[in-house]
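Enquirer: There's a structure below that I have some questions on.
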Amino acid sequence: MAEVTGNTATDSAEKRLNELGYKQELRREMTLFKTLAISFSTMTLFTGITPLYGSSLQYAGPATLVWGWVVVCFFTWFVGIAMAEICSSFPTTGSLYFWAAHLAGPKWGPFSSWCCAWLETIGLIAGIGTQAYAGSQTLQSIILLSTGTNKGGGYFAPKWLFLCMYIGLTVIWAILNTFALEVIALIDIISIWWQVIGGLVIVILLPLVALTTQSASFVFTHFELAPESTGISSKPYAVILSFLVSQYSLYGYDAAAHLTEETKGADKNGPKAILGSLAIITLFGWAYILALTFSIQDFGYLYDQNNETAGAFVPAQILYDAFHGRYHNSAGAIILLFVIWGSFFFGGLSITTSAARVVYALSRDKGVPFSFLWRKLHPKHKVPSNAVWLCAAICILLGIPILKINVIFTAITSICTIGWVGGYAVPIFARMVMSEKDFNPGPFYLGKGSRPVCLVAFLWICYTCSVFLLPTLYPISWDTFNYAPVALGVGLGLIMLWWLLDARKWFKGPVRNIDNQNGNV
């Protein structure tokens, strides 16, 4: 596919936007590389794998974790390809819920749009919370190792300080997102290099520094349950749970779609950014998992609450064991943990950008209470600053239970994944069942391959959402209960009740703000 040239007045994506009924309001200044940077930063190399690596490794050992990444990547590519085709046809900021409305047709379009919009909104806002939590967890380990380790009297941040770090990250991301988009784009360009270079350093350096490395047979074939720790003795169930780290890591590539009204040649560059970011994370993610797993010094010691990292963060212990074993100090581990923390910082910043764009687009279509507030753009920077702060405020509220609930990260992660990935399912299903003659393809078009690709993608999404509702520890108690089904049930139940009692009477999906094909307002 050729690159787009020329000025924005003749941009093919802007013309397509006008045809779909929207005027160009946001600045169309994003290039393919900038859009790819933001999309990749939303997925990020470390933020999905790092926080769930320890639990997924514990369920069934290294083999299922390593090969699970390959299996999940295979099916995720079907989702990415299906979304790239739709993005090429509908280059709008509303992205998923706009796609759902138009692909489902006039009868089911409003309801499809409503479901998709709210799933996506829930997923993205919870996504900010996952980055803030995991970033705080990494910072907690950095502080602990910097002050003497758990064995040497180091400082392990208590829950109140952990919550302060969580809130602090969220507020910083909101402040940065109130500046001009160029600032965010610049930071995300730094992010992609940070993660690529940092990822290469960790992947190459960690196994070289480690005094010993695990054998290939251990990494690729060793299967080991841990029923005394997880309470799970069923091999199939343990394998399913060990795949969660990969399923949690491999989404977010739709960020490119949220920026299509700000991207030059978005009907071509949007799909390129989606598939490009997915390709990078596929390769680097597996390399990162292999580097961590090969570098394990003592498998059982990773989970010991009396170890140097208090058994709280397995990747931190792997880094500590490698560098302390070689150099007898924590400096190297702290530096690499800071690289990983930077990835969480950049990821949270990008997800905040995406979440605000979705809230802005839904508010523009009057689908959010007090829409007139959230659809306002900053008069100077032309960014949806009110929507940014709304997302930040809700994210902070989600984090308050950190003070009392030990499994809050499990719940936020599940809500994020089900909402975010579940939002993908609605337009993909609509694309699969619609008449081909009603689809107006963009430059990226699958032709006869579209339906089979969409079918595999839809079934995989249904499976992914289902497994994130499962209990992850047994026996089930207040401390181990997965609260995601309850939280999602209440939230989605209220949203559906709102639809039945009121919203179906007035919500018609995306609202045109151009009266004719010529672009007159």
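A Cβ is built for glycine as well, from the same backbone N, Cα and C atoms used for every other residue.
Below, the features straight out of TrEMBL:
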TRANSMEM  32-54  transmembrane segment
TRANSMEM  66-87  transmembrane segment
TRANSMEM  160-180  transmembrane segment
TRANSMEM  192-211  transmembrane segment
TRANSMEM  273-296  transmembrane segment
TRANSMEM  333-362  transmembrane segment
TRANSMEM  383-402  transmembrane segment
TRANSMEM  408-433  transmembrane segment
TRANSMEM  453-474  transmembrane segment
TRANSMEM  480-501  transmembrane segment
Enquirer: Hey, does the transmembrane segment (192-211) touch the transmembrane segment (453-474), meaning at least 3 C-beta pairs closer than 8 angstroms, sequence gap 6 or more?
Expert: no
Enquirer: Are there 3 or more C-beta pairs under 8 Å linking the transmembrane segment (66-87) with the transmembrane segment (333-362), counting only pairs at least 6 apart in sequence?
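Expert: Per Cβ check, the transmembrane segment (333-362) does not touch the transmembrane segment (66-87).
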Enquirer: Do any residues of this chain, six or more beyond the ends of the transmembrane segment (192-211), have a C-beta under 8 angstroms from a C-beta of it, and if so which?
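Expert: Residues 36-37, 40-41, 44-46, 280, 284, 287-288, 290-292, 294-295, 297, 318-319, 321-323, 325-327, 332, 336, 339-340, 342-343, 346.
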Enquirer: Any residues 6+ beyond the ends of the transmembrane segment (160-180) with a Cβ under 8 Å from its own?
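Expert: Same-chain contacts beyond the flanks: 128-129, 131-133, 135-137, 139-140, 187, 344-345, 348-349, 352-353, 356, 378, 380-383, 385, 388-389, 391-392, 395-396, 399-400, 402-403.
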